[in-house]
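Working notes for the structure below.
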Amino acid sequence: MEGLGSCTHKVIDALVWFGHQVRQYVTVEPVMLFYMLGSFLQYSAVIQLLYLKLCVIKFNDTLACRNLSGHPDMERYTQDSASTWLIVLNAFLTISSIVSTLFYGAWSDRVGRRITIILPATGSVINGIVLIICARYMFSSIWYVVLGTALMGVFGSFPTLTTAVFSYLGDVTTTENRTMRFGILEAMTFSGSFIGLITGGVVIDKAGYIAVFAYYIACNAAVVLYTIFWLRESVPGSSSSSTIADTDSKVLVDDVDSQVETDLGMPDTTSKGCCCQLMRFENIRNAICILVKKRPRYGRLQLVLLIMCLFTLQLVGEGFTDTIILYLKKDPLEFDASTIGFFQGLKNGLTALTLIVGMPLLRLTKVHDTVIAFVALIFRSGAFIMIAFARERLTVFLMPILYSPSGIPAAVTRALLSKNVQVTEQGGLFSLTGALETLTTFLSSAIFNALYPASKNIIGGGFVFIVMAVLLIIPMMLMMWVRDLQKGSTYDRARPPAREGNESSIYGDT
């Protein structure tokens, strides 16, 4: 019996040790995976629900509205109305999420990251409940869908979630492994979209809209529960980490890799409370000051260049998402909906796999981050050129292989941004980039949705992808500029101090 008890004790100790190791390695990655899975489920389902509701409300014929191919007049009305309502939905979501993100980002630098992870997921749960009601009562007003979307934006939505998770990794990683960890986190976006694209349509077809929105709620509820019961707070002394033991008041920076305990600084925990701290315009001011603050070794200039790089990447990425479906549906390719879904799933799946496997391997090569991003941009440009001249389905399905490193530049850019600011500025920085990316989505739709129909007779409609490939030259040049600045700052640090005068001042803060 003593031997059995000793064996049981060893097994328990081994399981505890294993759980501790997993908790150190696995932080916000599941958050991004489940949130993005839910987001892709929600987006595709809402579009289809809008089509059905608008048609049913107008014509009161559910059977005809479920198959509009034989009713061209009804189809024309539904498409026109849905396009208008999608603009309204996107406007409410964009405005509310941008404003809330600018408040939440700098706020999280003081009160902690966990609460700004929980808020967007909670907003999505509320939105899911509203959508279930709208799906259950098909004649209910479309404005209820808008209400759910606006509430989701007030809680932060995607920009706040990305702000929180990237800030969290910025808190707990070292500069040496940050790019790799950001790459793996970026892969969760593509993994979530891959699963969502594969399962979303099946759930709608087999079980209906209520089931898919329940699926959406479950994904976000998992985020909330995971954050509460598993994720440790990365900002010490914050209100959301007040229950953590005193021995955990400091954060281990990537505990397993470096075992370096770093004091992240004590955030402001005044008696005014979290809500009072949130509703201060100082949060927005602090976020903006990050860009104008003087920094040594060309840090401010690097921030500006990297944000411009991220803007261009987002502009091209959203443009590709908007136009590729139209391109694949037209002659001579003529993809149906299921084939388009398979293509998008394959593209996102290979991109996620490349990030998960490739980033740790590239870290071993000691190649500079900017060089890795530059090479990945070349592959992405080649993929755009390849799809521009694609006239056969085989060529289209070979394109994702060339496109697979396309997630690396964004991950590298975010990592470089994080390395150029202090730990207490991570939330403010990523709130700015999140707001910028949301605005870029609108701008990209306006540019490329106008360019594609105007140039659809040039290179068989592929001219728009040539434009995207050319635009990627901009982030290539910006990456090389950042590389030169970093090499210059390294040289400056290695130079011996001037013996007289102020000769070294020509390398002043930028």
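Including glycine, each Cβ sits where the backbone N, Cα and C put it.
What TrEMBL says about a protein is an automatic prediction, not a curated fact.
Feature annotations, reproduced from TrEMBL:
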DOMAIN    31-487  domain 'Major facilitator superfamily (MFS) profile'
TRANSMEM  33-52  transmembrane segment
TRANSMEM  82-105  transmembrane segment
TRANSMEM  117-139  transmembrane segment
TRANSMEM  145-170  transmembrane segment
TRANSMEM  182-204  transmembrane segment
TRANSMEM  210-231  transmembrane segment
TRANSMEM  303-328  transmembrane segment
TRANSMEM  340-359  transmembrane segment
TRANSMEM  371-390  transmembrane segment
TRANSMEM  429-452  transmembrane segment
TRANSMEM  458-482  transmembrane segment
REGION    491-510  region 'Disordered'
COMPBIAS  491-502  compositional bias 'Basic and acidic residues'
Top partner of the transmembrane segment (182-204) among 210-231, 340-359, 429-452, 458-482 - counted as Cβ pairs under 8 Å: 340-359
Rounded mean pLDDT for the residues that make up the domain 'Major facilitator superfamily (MFS) profile' (31-487): 83
Outside the transmembrane segment (429-452), six or more residues from its ends: residues with CB under 8 Å to it: 90, 94, 97-98, 101-102, 104-106, 158-160, 162-164, 166-167, 170, 287-288, 290-291, 303, 307, 310-311, 314-319, 322-323, 326-327, 414, 417-418, 421, 461, 464, 467
For the transmembrane segment (33-52): best-contacting stretch of 82-105, 210-231, 303-328, 340-359, by Cβ pairs under 8 Å: 210-231
Chain residues in Cβ proximity to the transmembrane segment (371-390) (below 8 Å; excluding those fewer than six residues from its ends, i.e. six or more beyond): 179, 320, 324, 327, 333, 362, 396, 398-400, 402-406, 408-409, 412-413, 459, 462-466, 468-469, 472-473, 475-476, 479-480, 483
Highest-contact recorded stretch vs the transmembrane segment (82-105), from 117-139, 145-170, 210-231, 458-482, CB pairs under 8 Å: 145-170
Stretch with greatest number of CB pairs under 8 Å, the transmembrane segment (303-328) reference, 117-139, 145-170, 210-231, 340-359, 458-482 candidates: 458-482
For the transmembrane segment (458-482), sequence-distant contacts whose Cβ falls under 8 Å of one of its Cβ atoms, 6 or more beyond its ends: 302, 305-306, 308-309, 312-313, 315-316, 319-320, 323, 326-327, 330, 332, 370, 373-374, 377-378, 380-382, 384-385, 387-391, 409, 412-413, 416, 448, 451-452
